[in-house]
Amino acid sequence: MKSRTEYSILNILTGIGGFALNTIMGLICRIIFVRYLSADYLGANGLFTNVISMLSLAELGVGGAIVYSLYKPLAENDEKKIASLVKLYGKAYRIIGLVVGGIGLSLMPFLNIIIRTPPHIHESIYLLYAINLFNVASTYFFSYKSSLLVASQRNYIVSGLNYFITVLQSIIQMIALVLFRNYLVYLLIQTVGTFIYNIWVSKVAEKFFPYIKNKDIQPLSKAEITKITHNVRDLMVYKISGLLVNSTDNILITFFKGLSITGIASNYTLLVNTLASLLNQIFNGLIASVGNHNAIEENEKKYELFRFLNLMNFWIFGWASVGILFCSSDIVQFLFGKNYVLSIEIPLIMALNFYTVGLQNAVQTYKHTMGLFYYGRFIQLFTGILNIILSIILGQVWGLFGILIATLFARLLTNIWYDPYAVFKYGFHISPIKYLKTYIHYILVMIITTIADSVKYFV
């Protein structure tokens with residue numbers, strides 16, 4: 001049995017190594033995509049991703065609540081409890097998959113309201129949407145088993161399988177784009193890749209935990225189900241509001257500016273999301289180990305580890321934000337051409353959004369692994385509502401910039417300050433002022449660094 005440190009190192013190295021290879025392949029695939037298909041296809045791809053991400057609110061926090069419930073029985077090797085939780089998880093996710101599919105199909109008649117200007121796309125927009133929907137809905141029938149691997153600190157297995165399939169899928173998609181120049185073929189290859197990955201990771205989970213296939217698994221007690229239900233309820237609002245913040249920008253950009261601008265902006269979003277995903281490999285590799293640590297350690301040791309992770313979080317995301325501000329346009333021009341470059345204020349606001357979210361990473365890790373789902377569930381909803389309102393108002397005035405800065409304002413007014421408050425008061429049981437002082441110190445260091453880099457960049 002590996003230690004928490006060994007699992008963390010293995011998860012991080014696998015995540016970063018696989019992600020680096022996957023990112024390179026993804027960028028090459030994107031370059032070929034832009035060369036052989038129009039910007040409207042990029043916009044459609046980004047739009048469908050956001051719409052279907054909105055549908056995942058049907059998950060309603062079930063995954064987070066049950067993964068949290070798995071930390072303690074996994075640490076204690078309680079096979080009966082693990083099997084019972086996985087059985088409940090599987091049943092819930094099969095229902096969710098059907099709900100996502102049903103709601104997704106019911107939204108198809110309204111696509112023409114979002115896409116007001118007819119796009120330059122040969123295929124039926126409804127068919128392309130339906131294929132994207134199938135990819136997401138079908139995953140729910142398998143993903144609960146991969147979550148068991150993640151909770152047991154074996155994320156390196158999930159990541160390894162995912163990256164292997166994705167890289168192979170990207171190679172086949174690139175060949176198909178060159179040969180056929182057809183987005184439908186591109187999507188169908190993705191569908192096959194998704195299906196193979198889901199089946200494969202499920203079989204691997206069953207190999208490590210064969211008892212989850214037993215026929216005589218006992219159901220959880222009413223008290224345990226009630227506790228999980230409460231956690232799901234609290235995560236539900238958090239999940240919905242998160243989607244309102246993170247998954248509406250492309251929809252609003254399409255509504256106000258059209259699919260073409262959505263496609264151009266999506267290149268910057270791709271770079272930012274790629275960088276965020278790369279850095280998150282570090283923290284994702286630690287989540288299960290932090291959950292295991294929180295399940296058995298005293299409060300003082302929990303806080304000590306948090307301080308270390310928070311400092312690491314600041315330096316990593318701080319320097320990455322500076323890179324987004326000063327390098328993203330150059331990278332976009334090099335990869336996709338001068339026509340895809342946006343003015344400097346867009347990278348600036350994207351860097352600010354990236355930094356504010358990234359600096360919350362350690363806080364979010366502890367909020368979820370300490371089971372603090374109850375606290376802040378409504379303030380997250382306010383974040384989502386504020387984002388929609390401000391995006392509509394500022395989007396009409398400033399277009400793309402207004403929609404992006406609305407997201408920043410919504411976060412600053414709500415969860416940026418409340419989530420640390422909840423973790424410190426209800427998790428560590430110490431004054432949140434400690435975090436505030438540290439946060440201000442980090443911000444000042446970042447401002448000075450950015451100003452210094454700006455002088456060198458523009459002089």
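Using N, Cα and C of the backbone, Cβ positions are placed for all residues, glycine too.
Taken from TrEMBL, the feature transmembrane segment applies to 12-36 (among others).
TrEMBL lists 48-71 (among others) with the feature transmembrane segment.
The feature transmembrane segment is assigned by TrEMBL to 92-114 (among others).
Distant neighbours of the transmembrane segment (126-144): 44, 48-49, 51-52, 55-56, 59, 63, 66, 86, 89-90, 92-94, 96-98, 100-101, 104-105, 108, 111, 183-184, 187-188, 190-191, 194-195, 198-199, 201-202; these residues of the same chain sit at least 6 beyond its ends, with a Cβ under 8 Å from one of its Cβ atoms. The transmembrane segment annotation in TrEMBL covers 126-144 (among others).
Taken from TrEMBL, the feature transmembrane segment applies to 156-177 (among others).
Annotated transmembrane segment per TrEMBL: 183-201 (among others), in sequence order.
For 311-334 (among others), the entry in TrEMBL reads transmembrane segment. Non-local neighbours of the transmembrane segment (311-334) in the same chain are 267-268, 271-272, 275, 279, 282-283, 340-342, 344, 347-348, 350-352, 354-355, 358-359, 361-362, 442, 445-446, 449-450, 453, 457; each lies 6+ residues outside the stretch with a CB under 8 Å from one of its CB atoms.
Annotation source TrEMBL lists transmembrane segment at 340-360 (among others).
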Folded-back contacts onto the transmembrane segment (12-36), same chain, C-beta under 8 angstroms, at least six residues removed: 42, 155-156, 159-160, 162-164, 166-167, 170-171, 173-174, 177-178, 181, 186, 267, 270, 274, 277-278, 281-282, 284-286, 335-337, 340
